[in-house]
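What follows is a short report on a single structure.
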Amino acid sequence: MKKRTPDMNRDWIATARTLSEALPYLQRYSGAVVVVKFGGNAMGDADAMAEFARDIVLMKQVGMNPVVVHGGGPMINQMLDKLGIKTEFVRGQRVTDKDTVEVVEMVLTGLVNKRIVQAIMDEGGRAVGLSGKDDDLMVAEALNPELGFVGRPVEMNVQVLRDLNAAGIIPVVAPVATGMDMLETFNVNGDTAAGAIAGALKADRLLLLTDVPGIKDASGEVVTQLTPDQVRAMIADGTISGGMIPKAETALMAVEQGVRAVVILDGRLPNASLLELFTEHGAGSIIREPR
Ligand SMILES: Nc1ncnc2c1ncn2[C@@H]1O[C@H](COP(=O)(O)OP(=O)(O)O)[C@@H](O)[C@H]1O
Ligand SMILES: CC(=O)N[C@@H](CCC(=O)OP(=O)(O)O)C(=O)O
């Protein structure tokens, strides 16, 4: 029930103004395809999950076509630890043997994916969880034999994502792929999977939600706008390292494939995606071709 008291609290006036100011962005993004990568480190607690889900449901409600691709690295680490399986990363990619890939698939598709689907439904949206194995969405081959079953997406069949969105359903994708022979299972870095999906959809935006405010330069300052050439230089000189490498490489690949812009932003920030999409302010680092 609305309060209809004469005390016009300033907060309510600000809320109405914020909505009004969002109009040009709502118009610009009507019908837009937005791929959102939700990283394991950005998931945080139940409140952070609920807030993320709410933002996604709002995007759908205002006529956008959101596609969620998630990670879950910390949750995989926890399960591997419980099972006594040692794990290591090389340039942001988990070295994945046969036992590890089973745990990765179990944790991503069984636990993390369903948690996100549930959170979206709790906020009144409709969501369906799938992995790259469903409807041949993402077919991969080995990225590098030294990494074992780490996949590089080689074939994308994204029609299922369009079909779900057209039916009013938000797709939530776990970054697990099937092999060319349909027998092997590949562990695909969540950022890489999100980039391949965004590229195949020629998405208007790819948002990579993580636990840092954006790409930092050598002095630790966030760079708010970057061209692909600048990103390449920062990878080459080591300013971009560790988990930021797959994100940066994903951004380059996505822009090359026709994604209009990629934004790397702090998913722990309240309403991070809305801030980026619907306000003049924007958030994080935006990577796109110079205009
Ligand atoms: N230049 C850089 N700018 C920002 N973060 C960087 C940079 N180089 C390396 N990083 C690291 O990348 C991490 C993000 O990657 P990752 O931990 O894999 O995130 P997620 O789990 O969200 O995918 C940051 O926490 C930071 O430690
Ligand atoms: C090959 C590879 O590294 N796969 C990742 C998949 C999950 C992921 O990307 O999770 P975050 O986004 O939370 O880091 C992994 O095994 O951790």
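The backbone N, Cα and C atoms fix where each Cβ goes, glycine too.
These come from TrEMBL:
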| type | residues | note |
| --- | --- | --- |
| BINDING | Gly72, Gly73, Arg94, Asn187 | substrate binding site |
| DOMAIN | 33-265 | domain 'Aspartate/glutamate/uridylate kinase' |
| SITE | Lys37 | site 'Transition state stabilizer' |
| SITE | Lys247 | site 'Transition state stabilizer' |
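Distance between Cα atoms for Asn187 (substrate binding site) and Lys247 (site 'Transition state stabilizer'): 16 Å, as a whole number. Less than 8 angstroms from the CB of Arg94 (substrate binding site) sit Gly73, Ile76, Thr87, Glu88, Thr100, Val104, Leu147, Val150, Asn187, Asn189, each of them six or more residues away in the same chain. In this structure, Gly72 (substrate binding site) belongs to neither helix nor strand by DSSP; it is coil. Note on the binding-site residues Gly72, Gly73: the fewest other CB atoms within 10 A surround the CB of Gly73. The 6 Å Cβ screen around ligand 1 retains Gly73 from the recorded positions Lys37, Gly72, Gly73, Arg94, Asn187, ordered by sequence position. Gly72 (substrate binding site) sits 15 Å from Lys247 (site 'Transition state stabilizer'), taking the C-alpha atoms as the reference points. Geometry remark: Lys37 (site 'Transition state stabilizer') versus Lys247 (site 'Transition state stabilizer'), CA distance 10 Å.
Using a 10 Å radius centred on the Cβ of Asn187 (substrate binding site) and all shown protein chains, the other Cβ atoms total 28. Within 8 Å of the Cβ centroid of the substrate site, not counting the listed residues Gly72, Gly73, Arg94, Asn187, the chain contributes Gly40, Gly71, Ile76, Val104, Val107, Leu108, Pro175, Asn189, Gly190. Binding of substrate is attributed in the record to Gly72, Gly73, Arg94, Asn187, and the widest Cα separation among these residues amounts to 12 Å. This prediction places the mean pLDDT of the domain 'Aspartate/glutamate/uridylate kinase' (33-265) at 96.
The Cβ neighbour count for Lys247 (site 'Transition state stabilizer'), using a 10 Å radius over every protein chain in view, is 29.
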